[in-house]
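Report on the following structure.
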């Protein structure tokens with residue numbers, strides 16, 4: 001009986017498609033946690049509420065749909081983000097593996113330093129290309145167009161649309177506003193570097209002993225993301241505040257990263273940098289775990305489909 005052919009590991013497009021698909025599936029399952037953490041990040045500390053209270057408040061004012069504010073732009077954003085990230089990561093990995101082969105290195109697996117360089121290149125390209133999408137998503141998610149009077153009266157205001165938010169931003173603040181928060185976003189490139197580097201090294205260690213199943217990938221992905229998000233969370237808060245700053249600081253000079261960081265510490269203390277960390281860590285860990293579990297399965301399926309089409313042709 002013929003054994004199954006091994007699945008190739010150097011197809012950039014297949015990895016990118018699998019990453020995009022895995023990102024969409026995992027985000028759909030965890031999006032309410034994103035809504036809760038994002039709103040907590042941009043609210044004053046005085047407005048901070050407990051997890052259950054926050055859920056009840058959103059549902060009472062906006063309905064269940066309020067937990068999914070901005071999901072359209074988020075799904076588009078995560079598909080583009082993951083496609084770009086995994087494409088460039090796999091391209092860089094293939095480059096290092098070819099260099100290792102040319103140098104006669106016995107082990108062609110990426111070293112920790114090579115994994116970090118690949119992550120930095122992929123992450124930087126992703127931030128520059130996708131930052132405008134996430135600015136719009138943050139504003140839709142936090143419902144910046146809703147009046148406080150309507151919210152206090154309990155009136156369920158209509159959810160701002162992605163296109164409406166985009167046109168309003170361009171009209172009132174100019175295209176440069178689409179790149180608000182790009183500096184802390186570039187700093188946050190270290191998040192997927194830490195996550196993916198730790199995941200790759202743990203995966204390599206496990207592969208020496210046994211096959212990495214989707215369940216094992218789920219667990220390793222969760223560990224990697226838990227560590228990465230805990231380390232970088234203050235910059236996630238700063239980025240979210242910079243994304244929405246234009247609508248609350250009209251007429252005044254836009255705050256930079258250092259100024260935003262200093263203001264949060266001055267007004268709310270260091271704990272203000274960790275607002276919403278509970279739902280964010282939960283969402284990030286679940287998303288990463290689901291992503292890595294889905295990605296491996298989707299990658300294998302993508303390769304099989306493409307191979308099957310070539311045989312038919």
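Glycine residues also receive a Cβ, built from the backbone N, Cα and C atoms like all the rest.
Because the structure is a prediction, the values reported are computed rather than measured.
Feature transmembrane segment, per TrEMBL, maps to range 177-194 of the set 177-194, 195-212, 249-266, 267-284.
Of the candidate ranges 67-88, 89-110, TrEMBL annotates residues 67-88 with the feature transmembrane segment. Secondary structure of the repeat 'Solcar' (110-205), assigned with DSSP and counted as helix (H, G, I), strand (E, B) and coil, comes to 74 helix, 0 strand, 22 coil. Shown for the repeat 'Solcar' (212-301): DSSP residue counts in helix, strand and coil, namely 77 helix, 0 strand, 13 coil. Each of 67-88, 177-194, 215-236 was scored by its Cβ pairs under 8 Å to the transmembrane segment (13-36), and the highest score goes to 67-88.
Long-range contacts of the transmembrane segment (177-194) within the same chain: residues 85, 115-116, 119-120, 122-124, 127-128, 131-132, 134-136, 169-170, 224, 227-229, 231-232, 235-236, 238-243, 245-246, 254, 256-257, each at least 6 residues beyond the stretch ends and with a Cβ under 8 Å from a Cβ of the stretch. Averaged across the repeat 'Solcar' (10-95), pLDDT in this predicted model comes to 83.
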